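S.K.: Can you keep this structure in mind? I'll have questions shortly.
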């Protein structure tokens, strides 16, 4: 992903805390979070793959959301866990740039897959008669391609400018992962261009999906209020409320971290904020989308009954 930097061949990740008494409790806490994330997302991927009645556009995007959450949790959490049990959590320069690239690829992809899911719900609720035509397999694949293209473009933009920087001899990165802002703090050269890229690219990666989602849900809310059936209105609200919770957690914590002036957000507070979109959201997404979802519950019962009779 990147050649070694002549000034700094490696970094030391500070981790989440420097208090020895908190390290082991935090290790087991985040190990538990990671296991729940893995089981939840792999379970949802398996359920969607094995049950044909879930092979719809909504679950096509949910399948990819779970895949993204699984992947970027795997990019971040294992290295974070190492920081709790080792004196120095060392990561090579190339390893750091690789982690940065894949973290950004998956996190940007998630922001756009959430907007694709909002559009899917808009079509399903506001134009149900045109749903199968509008959300055809070809359209779904094009939307998914757009999601991953935006993820690649965002990750490449940040990483390409990051590898051009010269880093200071102080190798300590005040974070539990290689993220943009803590790495910029370690640069001995001007970071003006990088900060401009952060402002533009993050603005697009948060702004465009957020506007898309808000417009979609404003139209959905307007349509729901016109539904005469109480049961139909309740079902529509139930379907959308879970998505709104996930979106609020993800974009709220991301915007708080990246779009606030660094002078107003000390890095230690930034680490806590980043826990929401790196650890908490990937863990909660399978629960949010499945606990109140009748289709997923039916699929789980069918899968368990098949396995018990096999």
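Cβ from N, Cα, C; glycine included.
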S.K.: Does the record in Swiss-Prot have residue 88 and residue 294 facing the same side of the membrane?
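M.R.: That fails: Swiss-Prot puts them on different sides.
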S.K.: Looking at 166-186, 271-291, I want to know which stretch Swiss-Prot calls transmembrane segment.
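M.R.: It is 271-291 that Swiss-Prot describes as transmembrane segment.
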S.K.: Could you check the disulfide-bonded residues 96, 188 and say which one's CB has the fewest neighbouring CB atoms inside 10 Å?
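M.R.: Relative to the other disulfide-bonded residues in 96, 188, 188 has the fewest Cβ atoms within 10 Å.
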S.K.: Apart from its near flanks, which chain residues at least 6 from the ends of the transmembrane segment (141-161) lie with a Cβ under 8 angstroms of it?
M.R.: 1-2, 60-61, 64, 97, 100-106, 108-109, 112-113, 116, 119, 180, 193-194, 197-198, 201, 204-205
S.K.: Can you tell me which recorded stretch out of 28-48, 56-76, 196-216 has the most Cβ pairs within less than 8 Å of the transmembrane segment (271-291)?
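M.R.: If we count Cβ pairs closer than 8 Å to the transmembrane segment (271-291), 28-48 scores highest.
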S.K.: Just to confirm my parser: what is the rounded mean pLDDT across the topological domain 'Cytoplasmic' (292-310)?
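M.R.: Mean model confidence (pLDDT) across the topological domain 'Cytoplasmic' (292-310) is 72.
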S.K.: Sequence-remote contacts (6 or more beyond its ends) of the transmembrane segment (196-216), Cβ cut-off under 8 Å?
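M.R.: Sequence-distant neighbours of the transmembrane segment (196-216): 108, 111-112, 114-115, 118-119, 121-122, 150, 154, 157-158, 161, 180-181, 247, 251, 254-255, 258-259.
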